[in-house]
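As structure tokens, the structure follows; a few thoughts come after it.
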Amino acid sequence: MSDRYTKERKVGEGTYAVVYLGKQISSGKDVAIKEIKTGGFKDGLDMSAIREVKYLQELSHENVIELIDVFSDSGKNLNLVLEFLPSDLEAIINDKSIMIVPADIKSWMLMTLRGVHHCHRNGILHRDLKPSNLLISPTGQLKLADFGLARALGSPNEKFTSNVVTRWYRAPELLFGSHHYSGAIDVWAVGVIFAELMLRTPYLPGKDDADQVVVTFQALGTPTEAIWPGVSHLPNYNNLVMYPPPSRQELRNRFAAATESALDLLCGMLTLDPNKRWDTDKCLTHKYFVEQPRPTEPLKLPKKEKKGDK
Amino acid sequence: MVELDWNNVPKDMCPVCKTDKYLSPEIQFKINPECYHKICDACVDRIFSLGPSPCPYPNCGKILRKNKFKTQVFDDLEVEKECDIRRRVLNIYNKKEADFPLTDDYNSYQEEIEDIVYKLLHKIDVEKTEEQLKEYSIANKQSIRMNNARSDQEYEKFIRLQKLEKQYKSQRNRLNRQIIHEQANLKNLEKMKTIDELQQPSEEKNSEAVIKSVKESMKNRSNKYKKQLVELENKYLKQREIIIKNQQINSKKKKEVKIPFTPFNGDRMIPMPYRLEPNRYKDPYMEKMVDDVQFMAGGYKLDLYYERSLNEAFTGLNCYIEEEKAN
């Protein structure tokens, strides 16, 4: 089966997969080949590989990574052929030599939200949104990647694990250990990414799970029954220090470069109560995206090649 | 030998090595903001090169470091001290008027700064004031850094403007010099012409024609330079405008985008083969289950699950794999 693709060189290795740069022989197109370590199927196939295949094949969108093909080579390993995307948002945020202007942030937010919107309208939660999972194509298009933690909205008698999403981007209902959540957790993560883009530094960098609670509520106020009905019944809601919610002026000071509507959108995405948190529809139709400056065209966005790729 | 009065050191003498400005005019004095005692450059090098040492003035005893020594700017030490303190405080209290919604707020902020400077300068409640300063700097770490970055940017802008102006001026001077040069040439030529006329009245016509053409070309050239000068000035003004507006020098004028903005990239409503009618579908079992504080507080929505289930059920209908493969 692998005669349709060539593997050229290794570009990365994760816990359950090795990623190679390759070429589709028929078209000469660059592809990324994710070889899943199966260990001879001793313990079965890794869950995240199944999730990745299952949900990526459902999704086809400009801002979601494309799963081109799946094959197994010599009967041993499972290979996912994905679109090759040379850069990611984290590399851009961390490269201090790159200047990010508000129009660039708007463009990236727009593409992220479009991608998330597409997942959500198909009933899929990404559950691991963070800058390093937002890959950037050579033409500047931002694409959601790494669907290893994704899942479909389940029936009420299914219990979702709350141990998802990289810690810094974890929504408060996850911090409280909720087992029944919705796409609002992805919106929260996008909000934190939005803040990170403006600050050029992680917005809520908790050192461990307990610290994450403290950092999050220090920045955004501790939720109470009044602003989030039912919150005190969530499993991990106990022993909380009550921090006051930030005033508008405090937020303005923190995000000095943000316009008023940018702050509105940020507050909408970082609303503590998931029922009141904006959904992707509301975010995308917000006036932040309409007002000046217009979002930068993807081709003109700042770029960075990942180390080792030339 | 007269004992040196340490409390009243002569103006032009280093009290440590007793070097005098009269005998060694190259002497330079340094002070340290710890105690503001004057020491000559050579002594600073000698005493503090090996690391922090106490101040050589008797009854001072402050431990000084070499890298903190600086040249005195103001004659009056009090002014020097105040400037140092002010600089330090303003590095922390670095908000601008535009950061405040009300002028009154800004004024009281200024008042606070003046209070702190005054107290530190006159050694009133030093510990308390230092504490206040420290607390403020911790509480406003983020905004202080941001404001500093902002003033750095402004400084950079200023430097860029200065550089541009310098460049412009040197180019303008060059063109001006060329114009003057051409004009001098023109004058010379005229002189030559008169001499020629006097010398060779017979060939008058011929030489005049030659000279006229040369003159013409010179005039053209100087006109050209003048034009360049005007162009240069316009270019300079434009670039200056751009820097002031904080744009990249090379950025071209933004074209007005004609395409209207579409938040969903024209991809919002796919007509679904099904429709979820509100309040038409009731599942008492699930509704009872969802009517629970755990579901409510976590943001779970039953409708979304219905939608997903319908989507799952209908995905693939109207899809002809063979046809798609053929494409």
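Each residue, glycine too, has its Cβ placed from N, Cα and C.
Nobody curates TrEMBL annotations by hand; they come from automatic prediction.
Taken from TrEMBL as is:
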- A:ASP128: active site, proton acceptor (ACT_SITE)
- A:VAL11, A:GLY12, A:GLU13, A:GLY14, A:THR15, A:TYR16, A:ALA17, A:VAL18, A:VAL19, A:LYS34: ATP binding site (BINDING)
- A:5-289: domain 'Protein kinase' (DOMAIN)
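Features recorded in TrEMBL, as mapped to the structure shown.
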residue: A:VAL11; record: ATP binding site; DSSP class: strand
residue: A:ALA17; record: ATP binding site; DSSP class: strand
residue: A:ASP128; record: active site, proton acceptor; DSSP class: coil
Original post:
Are there residues of the same chain, six or more positions away from A:ALA17 (ATP binding site), whose CB falls under 8 angstroms from its CB, and which are they?
Top reply: A:LYS34, A:GLU35, A:ILE36, A:LYS37, A:ALA49
Original post:
For the recorded positions listed here (A:GLU13, A:ASP128), which one has the lowest count of neighbouring CB atoms within 10 Å of its own CB?
Top reply: A:GLU13
Original post:
Do you know the mean pLDDT across the domain 'Protein kinase' (A:5-289)?
Top reply: 88
**OP:** Under 8 Å Cβ to Cβ from A:VAL19 (ATP binding site), same chain, six or more residues apart: give me those in sequence order, or none if nothing qualifies.
**Re:** A:LYS10, A:VAL11, A:GLY12, A:GLU13, A:ALA32, A:ILE33, A:LYS34, A:GLU35
Original post:
What is the number of other Cβ atoms found within 10 Å of the Cβ of A:VAL11 (ATP binding site)?
Top reply: 17
